[in-house]
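Input: a single structure, listed below in structure tokens.
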Amino acid sequence: MEHWNSTLGSGFILMGILKDSESPELLCAIITILYMLALTSNGLLLLVITMDTRLHVPMYLLLGQLSLMDLLFTSVVTPKALVDFLRSENTISFGGCALQMFLALTLGGAEDLLLAFMAYDRYVAICHPLNYMVLMSTRVCWLMVATSWILASLSAFVYTMYTMHYPFCKARMIRHLLCEIPPLLKLACADTSRYELMVYVMGVTFLMPPLVAILVSYTLILFTVLHMPSNEGRQKALVTCSSHLTVVGMFYGAATFMYVLPSSLHSPKQDNIISVFYTIVTPALNPLIYSLRNKEVMGALRRVIGKYMLRTHPTF
């Protein structure tokens, strides 16, 4: 097949789920609602955690970072997908594709590591409460946040540069919602088998250790919770941990399907559905899962709204 110069050409064509859907207008409306929900819920959670001093503790600092990552992740993908559908123009430049891939890999990798740190935070809080402020000091917490962002961005940079160095063929159509490694490699006019093995190893290396750490943390937490004398303390711990495990299950399930399963088990339709799940659905649901069952967050939200109402309507 003839090669084309991707750096000078018109780039790629993203053939996402909206193009393959039988009811694209309905799906577009659903995605728009989910995106607005993600913006509103994550934005509110970030605002509440920033403004309420009672939430200036490691658990909520990490939760605020998760909301920031979700908000950015969905914004990297969703607006372009919606605008492209409405304009009937699905092209993305070579540079734009590389940037989108880098941002998506950075945000996905950072969230992967952050979820493991959040599990460790819950483990220390429940299993070693007397040492919590020593083991989870503000300095340690910010070190965890910085580690998540730095390691993820370095990994994303390396894999983006290596993926985009391949020559691509004239069939410029990426049958996917966004520029990601697996669908893009299908357009390469070179042997990518070794690199695909590297991507698989990267997926296992980046996903499995944090997942094992999360499972070990919650196993230890479960044993501790079952021996708690207070029913109220046991219930509070279970509610907090069940919310975290729900988010972990959604994120790691989708990421494992995309980057750990062999490419022979992938199909464009399945990949599109999974990509919608972790770029649009999960960011919209995460803040709701954490906040609706969390009395401290809901209380802080009421206090922030109350302060706002008093400032804007003194006689209210």
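Each Cβ is built from the backbone N, Cα and C atoms, and glycine gets one as well.
Summarising the annotation, TrEMBL assigns transmembrane segment to 26-48, 60-78, 98-120, 140-162, 197-225, 237-261, 273-292. Positions annotated as domain 'G-protein coupled receptors family 1 profile' by TrEMBL: 41-290.
Within the chain, the transmembrane segment (98-120) has long-range Cβ neighbours (under 8 A, six or more residues past its boundaries) at 59, 62-63, 65-66, 69-70, 72-73, 76-77, 80, 92, 144-145, 147-149, 151-153, 155-157, 159-160, 163-164, 178-181, 184, 206-207, 209-211, 213-214, 217-218, 244, 247-248, 251-252, 255, 278-279. Across the domain 'G-protein coupled receptors family 1 profile' (41-290), the prediction's mean pLDDT works out to 86.
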